[in-house]
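To start, the structure under review is shown below, and the notes come after it.
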């Protein structure tokens, strides 16, 4: 019993000495437990040759042998640790700091680490290679916060007024995209038509085209002037072909507008069809402006119209005031404000028509006076003086005749303004019925002309 107590006391003293020795090694920054087991085998072999005074006790030798048996065998001798144990890692890495600060002190087993040290090494090694869980949790928490903030940005109000306003905004955005798409398609179709028209003009001027059984743009001349059917120029013939295409496109657009009106579409959707028809009419105004610069007589004569339409022709087109009378009965019921606006528009349109008619009449009278000779020259008068008098009168008449183009352009401008001002006074559905009524009016005039030309004729 006393021997056992003495051995235990000797073991504690040896442990304290070893602990102080371990602290000394910890201060130097290295741990003897990190030394390769081969070194312990070497030192153990040297211990058998030491004098008996320095030989370790049997109990110490037993613990050393047990620790060596628990360490895994290795084939290399690595007496230097992977990194100094006393170096503190940077504060940014929390998990590495915790693993480094676990500097094991010497255990009571002597100069070697206890049996629990290998498990500690394995635990630290696994913690070193294990990905940081804190950053993942922080990232997940940040994602949850981001989702919460994004959910917070989405209005979750149950107010009916707010929900209705949001629905209206979405519907308006959708209609805006549809209008933009239709506008782009219209621009593309206009570009294609313009390219085709330019190609036809070049082909008509270079090769000549057949129109109504006669050659246009070729070498047919009369008095040094190129002629076609009815003495029209090549530009006028191209305008007639383009006008025929315009009529076909107008019929297609009106059919779409009629279907849209019958389907009871919304105001925004119906507005798209109305704007398309108005833009198509503006295209005709541009075509007439181009041909007016080259052959204004073709527009005034109405050669591009049907016979029944020529009876109502006024300065190369229809009278705007007559169109207002046609559509008034087709767009009822009207409000009091609309009736007042339409009456005022009709009165101002009639005044403008009267002013243009008086101006054109004055121009015709002046033109007639310019070409009338003051007196007939005598039969014995020489030809050159008579020819010079003729050329002076023709030059004066040409200067006055150039104003005829301005009258036609002003009349087309009045027609354009009347239609657009009338549409401003009406609702979208009334505008649609207005366009359909005008188209039906001209369609009946064209049908009347066809019936007149196809009527049976009596001989004699």
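Each Cβ is built from the backbone N, Cα and C atoms, and glycine gets one as well.
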- Item | Correct range for motif 'Nuclear localization signal' (source Swiss-Prot, candidates 99-106, 107-114, 163-170) | 163-170
- Message: According to Swiss-Prot, region 'Basic motif' applies to one of these ranges: 161-181, 203-223. Which one is it?
- Response: 161-181
- Query: In terms of Cβ proximity under 8 Å, which residues at least six beyond the ends of the region 'Basic motif' (161-181) contact it?
  - Reply: 155, 268-269, 271-272, 275
- Query: Between 0 and 100, where does the mean pLDDT of the region 'Basic motif' (161-181) sit?
  - Reply: 90
